[in-house]
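Features of the protein shown, as given by TrEMBL:
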REPEAT    13-45  repeat 'WD'
REPEAT    56-97  repeat 'WD'
REPEAT    98-139  repeat 'WD'
REPEAT    140-181  repeat 'WD'
REPEAT    182-223  repeat 'WD'
REGION    306-504  region 'Disordered'
COMPBIAS  313-337  compositional bias 'Polar residues'
COMPBIAS  343-358  compositional bias 'Acidic residues'
COMPBIAS  401-412  compositional bias 'Polar residues'
COMPBIAS  413-424  compositional bias 'Basic and acidic residues'
COMPBIAS  451-463  compositional bias 'Polar residues'
COMPBIAS  492-501  compositional bias 'Gly residues'
DOMAIN    518-675  domain 'Katanin p80 subunit C-terminal'
Amino acid sequence: MSQTKRAWKLQEFVAHGNNVNCVALSKKSGRVIVTGGEDRKVNLWIVGKPNCLMSLCGHTTPVESVRFGHEEEMVVAGSMSGALKVWDLEQAKIMRTLTGHTSSIKSLDFHPYGDYCTSGSLDCNVKLWDIRKKGCIYTYRGHKNGVNCVRFSPDGKWIASAGEDGIVKIWDITAGKILTDLTYHTGPVNIVEFHPNELLLASGSSDRTVKFWDLENFNMVSTTDGDSTPVRNILFHPEGTCLFSGTKDLLKVYSWEPSKCYDSIPVNWGEVADIAIGHNQLIGTSFSQTNVSTFVVDLKRVQPFGGIPHQEGGSNLSSSRNKFITERPPTQSSRQASVPKEDVEEPTQDKEDQDNDSFEIANPEDYREIFRPKSRLSHSPTRPVEPFQPPPDDGMFPAKQVSSPRSFNRQISSERKGSTERKSTTPLRKGHISKSVSDDGDMEPVRQPAPTRSNRTTKSSNKLPAKPVAKPSPRAPEEDKSGISPEDFLPKGGGNEGYTGLGKMPSEAEAFTTLSSGHEAMAKVLAHRSKNLQIVRAMWTSGNTKTAVDSAISMKDPSVIVDLLNVLNLKSGLWSLDLCSCLLPQVQDLMDSKYDSYVTAACEALKIILRNFGPVIKSNLTAPPSQGVDISREERYRKCRQCYENLSIIRSKVAQRGGTPEKVGQLLREIQILMASMD
């Protein structure tokens with residue numbers, strides 16, 4: 001097993017029957033995940049296990065935001081309609097349904113020690129809720145655009161809100177008013193976090209920076225250098241020694257006085273959704289369509305806790321900054337008195353609570369272990385919590401000593417080419433180990449196969465001296481050590497015909513002319529496509545989706561249709577029977593495309609149509625005729641008939657392409673199964 005990996009992928013699992021919209025980790029242990037999806041469910045998972053722990057139902061629209069309580073005893077989820085639901089995980093029941101927002105909820109947080117929570121929404125408002133009395137205590141207004149993140153301060157007296165307008169606002173809960181605006185970001189602010197002890201706030205933005213703010217004078221302490229991608233998530237170390245920043249496929253560790261980067265760790269998590277710390281490991285999670293992935297970073301091999309220092313590494317200076325007073329108020333009345341009252345709703349039992357809410361426990365043993373530890377006897381054994389271990393080495397490639405990831409890429413290219421020529425199936429020889437490089441650039445042992453008869457003779461007659469980088473054996477001139485041939489990028493024929501790497505290289509001007517040929521035409525195509533998309537976007541944002549779709553169809557540009565389908569596939573709630581009848585002819589044309597990306601977008605759209613509207617189409621076509629004249633029913637029947645005819649044509653095309661390999665083939669097989677229900 002590798003002992004040198006700093007980051008690795010732990011698991012990937014299907015979390016929902018439809019697209020996942022939000023994921024959150026428990027901050028106390030980092031071992032429990034809550035997910036929300038388009039299927040309107042809230043599911044709980046144990047990190048490292050593939051099976052769902054429990055499923056919480058009740059929302060009537062897609063779930064857009066989720067959050068654990070500080071002690072992992074509660075979960076709150078916000079939906080696209082603006083409703084919140086709070087579940088008590090210990091009692092296995094729903095506590096409250098809270099309504100008041102007029103648009104989708106983007107962020108949630110629990111009060112450090114009171115029975116309150118806060119929410120930020122696309123309606124530009126921040127609300128403070130009393131969970132016990134089931135009402136909105138106060139609404140904080142001031143953002144000019146949607147609110148992306150809300151957080152309580154450690155002492156529970158302030159709320160920080162991050163807006164799409166690029167502003168961070170600090171709200172005084174007791175006074176019910178704004179304290180200050182923090183305005184130095186030049187793009188939307190995606191995340192804010194309070195320091196666990198000091199009067200310090202950090203904010204991460206789409207302007208690719210993390211900024212640190214002194215909460216005594218509300219001045220900016222420092223800012224990081226711009227990253228290559230927007231900052232999606234940040235987290236202070238529990239001891240407050242550093243800050244972790246998650247961007248696309250990268251984790252960075254920062255200090256703030258002065259602003260220096262301790263370390264930078266590549267992690268293939270894409271757009272990270274949440275991070276947490278437990279047992280000297282950082283757990284990260286991300287999602288794509290219906291899948292959720294988890295990743296582990298070993299903090300013992302990361303600066304400033306261990307490992308090789310980053311080239312920009314620095315250390316925080318001892319700070320004289322004041323600290324939050326986090327001692328819990330002694331009485332219930334003191335908590336009650338510290339919050340302003342505004343429009344408190346009377347506690348009533350919603351009909352929605354009675355009819356739709358349910359609590360399904362899939363794994364009772366794990367549920368009792370995690371959420372009901374107090375019910376266990378004091379002498380009952382508990383499961384030891386061990387750090388996650390890196391995956392074992394797979395020994396895919398014969399190992400050579402390499403000095404950099406670039407050299408490793410050359411090695412892989414050369415070995416793959418050599419294995420194609422030799423077609424060797426020699427088994428691995430036990431105990432034969434040398435060094436290779438893991439995904440994040442660290443050295444790790446990899447098993448080396450025993451030499452074959454053909455290369456054993458070569459090795460015996462050509463002894464190589466032991467050096468950090470193995471000297472390559474003599475090879476034919478046409479094989480470049482990088483595995484890339486220059487003629488791949490040069491036109492066939494003319495002065496470069498037959499070029500093998502030994503002939504005359506073209507001049508810089510000739511090479512530039514060759515590579516830039518066709519650039520102007522491609523630029524015009526992309527500019528035209530961008531113009532079309534801007535037109536569709538303008539109609540879309542005006543609120544008329546059908547008009548935007550009709551406009552895209554009239555452009556007769558398949559790439560615009562594909563872009564539109566990709567948006568609709570991510571938000572399946574936007575589909576309607578009207579859109580199905582309009583877009584199915586376009587999907588039918590895309591199924592004949594030679595581009596896999598076009599076919600994939602069409603297949604994903606077909607899956608949504610068949611799942612959501614297949615039963616509707618079938619029931620309308622098989623229903624007996626109605627008495628009298630029903631114009632709306634006749635119109636619905638016409639659309640269903642049109643959809644059925646298009647689906648029948650598509651079905652024959654899918655059957656013809658049934659042998660397609662890899663991802664497209666898998667999608668086609670899924671569509672064939674779904675279409676069987678239309679018979």
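Note that Cβ sites are derived from N, Cα and C of the backbone, with glycine treated the same way.
Summarising model confidence by region, the repeat 'WD' (13-45) averages a pLDDT of 92. For the repeat 'WD' (13-45), the residues of the chain that approach it from at least six positions outside its boundaries are 51-57, 59-68, 70-72, 75, 77, 79, 85, 87, 89, 273-279, 281, 283, 285-292, 294, 370, 385, 569-573, judged by C-beta separation under 8 angstroms. Same-chain neighbours of the repeat 'WD' (182-223): 145, 148-149, 151-154, 158, 160-170, 229-236, 238-240, 243, 245, 247, 254, 256-259, 319, 321-324, 326, counting only residues six or more beyond its ends whose CB sits under 8 Å from a CB of the stretch. Residue counts for the repeat 'WD' (140-181) under DSSP, split into helix (H, G, I), strand (E, B) and coil, are 0 helix, 24 strand, 18 coil. DSSP states for the repeat 'WD' (182-223), grouped as helix (H, G, I), strand (E, B) and coil, give 0 helix, 24 strand, 18 coil.
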